[in-house]
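Take a look at the structure below.
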Ligand SMILES: [Zn+2]
Ligand SMILES: [Zn+2]
């Protein structure tokens, strides 16, 4: 595990001392986290053991009705490529996920660039950001994303194909069973959480951050395409590897691999999109990572809970909003920010102690005492009365 805690002679980074010390303490400490994780996993296993059969029976029944349809479609595709497995694999794992990414992001970009329609923009997490998005910054991000997709993801998928063909046959004529595909997807997700969490924390090490990960964090209020706006090395290690490794290890079928790549891209797009929309997974967790840099490193938050890297997040309004929105009222309205306390010292210049240090990727302010974190580009910290600007 790589600690982001470090001493910085420039006085900018004393980051996580509060969270690392709290790990040793009672509630919220490491042991407490392990117990909670064990309880959640244990309950999950019990639940699956009790209801798993009937759940999969219902799903299988649905699959049984459409299973033939998918098998026929696959057979047609398989025959159409006449044994050109490499082309078929590349077609599946590049074309479908890339199309999925750009279709969903084209829709989001329409909203980001026009600031309309208001029935979407009202769900914006950082309410006064990207309204509309800076076109120069956006153009640069899109160019980088295209570069990463063409020159990094493309060649990596070719390597993955040869690796998978060497280990097995990803393009077999038979589709996997429904149960097996589900099991594999669950395993991929676990692997992604582990590999993304640790590689991401590694990139927050001050020695690596400024060279590689700072680019991704230029967006303190992210939008969908920023999901793969990253330095090429980060794109290989942190974005691609955690996703592609699962199907290689399990010797998965092309269909499951393609589905997984699509799911991973949609999921990371939602995490970065900047809108907490109804009936979609909550993007608050990773949005908070972009806002505060030294919290919420993982995908699902399991390892953050275990390592105490979500302790500050759990004291915020964003954490209260980190839930599946099942009504049409935006969470910034139903759970509003706490009223800002205006200090009598508010005329003082910004305190450098409270700034995010973009060189190192860390904060000097121990914000665990903050009742809620600022959403605005500038706000008053109730701790010291200084203004804290987070962009
Ligand atoms: Zn991100
Ligand atoms: Zn990061």
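Every residue, even glycine, has its Cβ placed from backbone N, Cα and C.
According to TrEMBL, the region 'Disordered' annotation covers 1-29 (among others).
What TrEMBL records for 37-59 (among others) is transmembrane segment.
The transmembrane segment annotation in TrEMBL covers 86-111 (among others).
Sequence annotations record features per position, and here TrEMBL assigns transmembrane segment to 145-166 (among others). Among residues of the same chain six or more beyond the transmembrane segment (145-166), those with a C-beta under 8 A of the stretch's C-beta atoms are 85-86, 89-90, 93-94, 98, 101, 225, 228-230, 232, 235-236, 239-240, 244, 247-248, 251-252, 257.
Feature annotation from TrEMBL assigns transmembrane segment to 178-198 (among others).
As annotated by TrEMBL, domain 'Fatty acid hydroxylase' applies to 186-309.
Feature annotation from TrEMBL assigns region 'Disordered' to 330-385 (among others).
The feature compositional bias 'Low complexity' is assigned by TrEMBL to 358-379.
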Legend entry - Mean per-residue pLDDT computed across the domain 'Fatty acid hydroxylase' (186-309): 94
Inset, instruction - Could you tell me how many residues in the domain 'Fatty acid hydroxylase' (186-309) are helical, how many are strand and how many are coil under DSSP? - result: 87 helix, 1 strand, 36 coil
